[in-house]
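Have a look at the structure below before the remarks.
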Amino acid sequence: MSAVAPTRPRDPRWLGLVAAGLLLALAIIDTPGILRGIFTAFLLLLPVPVGALLLLLVHRLTGGEWGRAMRPALARAAHALPAVALLVLPALLWPSLVFRWAADPASRPSTELARFYLTAPGLALRSLVALALWSGFALLAAARPDRLTKGLASLGLVLFGLTVSLVAVDWVLSLDPRFQSSAFAMSFTVACLLSATGFAMATGRGDLPRDDMAKLAAAFALGLFYLDLMQFLVAYDGNLPDKAAWYLRRAGPLASVTLALAFVGAVLLPFALVLISAWRASPRLQRMVGWAVLVGIALRTLWWTVPEWQGSVAFWLALPLAAIAAAALAALFHERSAFALRAGRVIHGA
């Protein structure tokens, strides 16, 4: 009897090539819809790796069992940041198809600062610098934690604070350049932290310190709820036409249901998890809450962005296709960097 040779499992990254090919084909039919869909996928995927980067940097400064237990999940997520960052490139190359102010300069606020700030070269420069810095620190924190000193971790947090104040406006608020919110960069950051914690809860092992992750998730959830609520109350109290119009575009039945589901997943369930000890003690329930957090943050992102466009079929198809392409590219990056790291250790050991 002849022995059957073991079959090598098929490389799943071919799905990334198929997804990229479908995106190119659909772009011929509906270029604006595909570009807006890819950009929205970028905003949907970004919070988890960015939040993972921040938690890794914070843990390098503070220490603690929570960071050591969450590190495998956080490192895996942070490693994907360069691949996710590439999804912003189409919007930077053709900004007039994504951003209203780039297509119609008259839509910009009539101030010197807006005319100086809202330019295509400025958008590209700020985005590329921020994502390059974040990706560099993410790879360092994820792949070479031995080289991440406390000084570098502090520098990374400072640089993040400076850059996120700009790009959070560029990527989300400038979709309607007349809407302003001084707290949005902070709420964006807290949403990233909550997303990374939810990812660690959803993908972590059953022996992780459940109390620590539940408390982190609840703290970030309450912080996000406070910041978003204060932004709404300030806009409501000011009763300014531009801000009122922004919220009215998000007050329809579907948008209201989306926001309610986002509140349940990203705020209510994490808060309930820390209050109900039986939930907190169950690894299965904690994983479910982790997935609910990820869905809630994704719905919140869609609530912020989709009303600025008329979502076509191509737009909605681009979301999963871009996510598949980014996941395949992240897997390739992870494999190459892991190989390079092992080779470097062998050479160093030799």
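From the backbone N, Cα and C atoms, a Cβ is placed for every residue, glycine too.
Only residues 6 or more beyond the boundaries of the transmembrane segment (37-58), in the same chain, are considered here, and those with a CB under 8 A from a CB of the stretch are 23, 67, 70-71, 73-75, 77-81, 84-85, 87-88, 90-91, 98, 134, 137-138, 141-142, 145, 148, 153, 156-157, 160, 171-172, 189, 191-199, 294, 297-298, 301-302, 305-306, 314-319, 321-323, 326. If you look up TrEMBL, you'll see 37-58 (among others) marked as transmembrane segment.
Among the features that TrEMBL reports, transmembrane segment is placed at 79-103 (among others). Same-chain neighbours of the transmembrane segment (79-103): 31-32, 35-36, 38-39, 41-42, 45-46, 48-50, 52-53, 118, 120, 123-124, 127-128, 131, 134-135, 138-139, 142-143, 171, 174-177, 308, 322, 326-327, 329-330, 332-334, 337, counting only residues six or more beyond its ends whose CB sits under 8 Å from a CB of the stretch.
Away from its own ends, the transmembrane segment (123-143) comes close to residues 49-50, 52-53, 56-57, 60, 74-76, 78-79, 81-82, 85, 88, 92, 95, 99, 102, 152-153, 156, 159-160, 163-164, 166-167, 170-171, 174, 337-338, 341 of its chain (Cβ-Cβ under 8 Å, at least six residues beyond either end). Under the heading transmembrane segment, TrEMBL lists 123-143 (among others).
Under 8 Å from some Cβ of the transmembrane segment (155-173) lie the Cβ atoms of residues 42-43, 53-54, 57-58, 61, 88, 123, 126-127, 129-131, 133-134, 137, 141, 179-181, 184-185, 188-189, 304-305, all in the same chain and six or more residues away from its ends. According to TrEMBL, the transmembrane segment annotation covers 155-173 (among others).
Annotation source TrEMBL lists transmembrane segment at 179-202 (among others). For the transmembrane segment (179-202), same-chain residues at least 6 beyond its ends with a Cβ under 8 Å from one of its own Cβ atoms are 46-52, 54-55, 70, 73-74, 77, 160, 164-165, 168-169, 172-173, 208, 213-214, 216-217, 220-221, 223-224, 227-228, 230-231, 234-235, 242-243, 246, 266, 270, 286-287, 289-294, 297, 300.
The feature transmembrane segment is assigned by TrEMBL to 214-234 (among others).
What TrEMBL records for 254-276 (among others) is transmembrane segment. Sequence-distant neighbours of the transmembrane segment (254-276) (same chain, 6+ residues past either end, Cβ-Cβ under 8 Å): 191, 194, 198, 214-215, 217-218, 220-222, 224-225, 285-286, 289, 292-297, 299-300, 302-303, 307.
What TrEMBL lists as transmembrane segment is 288-306 (among others).
If one looks beyond the transmembrane segment (312-333) by at least 6 residues along the same chain, the residues whose Cβ comes under 8 Å of a Cβ in the stretch are 12-20, 22-23, 26, 29-30, 33-34, 36-38, 40-42, 44-45, 79-80, 82-84, 86-87. Sequence annotations record features per position, and here TrEMBL assigns transmembrane segment to 312-333 (among others).
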